[in-house]
Ligand code: ADP
Ligand code: TRP
């Protein structure tokens, strides 16, 4: 190994599963932060499309291929700069599965049995295949193989990062106590860890309550029109909260979505329209608030939509980014797996 793992530069890594059309929750909860980090860690930002992970739930080859392309396209459209950040397919780095095995030999069954996400997925009716149970080991390998120091994720993934920390420590203690070969990563939560869906629950493709990123025009207006609002009309002294189906008090949905797009001054103005039921002397009701939101969404993603059109017309450019990034990521992965194999006595 060239340098001790403590001397390595900070390195950001995150993955997103290609399991369906990306929505506002994915963007504000994950992608936006990933893209912003490319400026904080230029040349050390690694993002990948977790296609091996997706196989634990998606068994339609054509859909998987399409989803992988969509995720790549969406990152590039939303501003991922391939000169600053890598974007690659998980399955293009076979060393990841090699390290998964090595990690499994130091991972207690109890650790995996405690994973919330496995239990949640099984409770949702997903078939409890071994791969689903093993998911956190593959995820730890994704992180450790690039010796990542920082992993931006949503709240639901924090336990997986804690498991990754345990696996790194166990591996080092078991095989490399003198000169550790794996680096312990830290997690970082996005600033917007909760985006409500059109029904007020967390926006998620499993709830069918999403606003896809690239809707526009009439389709966007129609989708935003379905956002569930309060039965009290605007103009009465409204609390900016509502009670959802689970009895929890949450922010009023339209306002919570507007918060993603508006600065403080604009939000103050919007609160004024809500309270008065008027905007510039004209009536302002829920329908107007939703139209305003649709306009904000449309404008926010206008540039991304244009870039998306470009990449849709040039899919070979998307593929070139994936391949170039994989080549670079793989060199790093190879070095880590060589160190790990040597540490275990496999070399
Ligand atoms: P979904 O719930 O639609 O299946 P994923 O679990 O694939 O979404 O999430 C991919 C990424 O997007 C994760 O980092 C997750 O934390 C983030 N994310 C998904 N939905 C939301 C949401 N409603 N609010 C904030 N972040 C979200
Ligand atoms: N499990 C993550 C999710 O569902 C995706 C993922 C796979 C990931 N490997 C990762 C995220 C490594 C961060 C780091 O969102």
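Each residue, glycine too, has its Cβ placed from N, Cα and C.
In three-state terms derived from DSSP, residue 203 (ATP binding site) belongs to neither a helical nor a strand segment and is classed as coil. If you look up TrEMBL, you'll see 17, 18, 19, 25, 26, 154, 155, 156, 195, 202, 203, 204, 205, 206 marked as ATP binding site.
Positions annotated as L-tryptophan binding site by TrEMBL: 142. Contacts of residue 142 (L-tryptophan binding site) defined by a Cβ separation under 8 A and a same-chain sequence distance of 6+ are given as 13, 15, 48, 50, 90, 96, in order along the sequence.
With helix defined as DSSP H, G or I and strand as E or B, the motif ''HIGH' region' (18-26) counts 3 helix, 1 strand, 5 coil. The motif ''HIGH' region' annotation in TrEMBL covers 18-26.
What TrEMBL records for 202-206 is motif ''KMSKS' region'. Away from its own ends, the motif ''KMSKS' region' (202-206) comes close to residues 19-21, 23-25, 124, 194-196 of its chain (Cβ-Cβ under 8 Å, at least six residues beyond either end).
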> Of all the binding-site residues here, 17, 19, 26, which one's CB has the most other CB atoms within 10 A?
Replying inline: 26
> Out of 155, 205, which has the highest number of nearby Cβ atoms, where nearby means within 10 Å of its Cβ, if these are the binding-site residues?
Replying inline: 205
>> Applying a 10 Å Cβ distance cut-off over all chains shown, what neighbour count does residue 195 (ATP binding site) have?
In response: 22
>> With Cβ-Cβ distances below 8 Å as the criterion, list the same-chain residues six or more beyond the ends of the motif ''HIGH' region' (18-26) that contact it, or say none.
In response: 49-51, 54, 57-58, 64, 67-68, 70-71, 74, 195, 197, 202-205, 210-213, 257, 260, 297
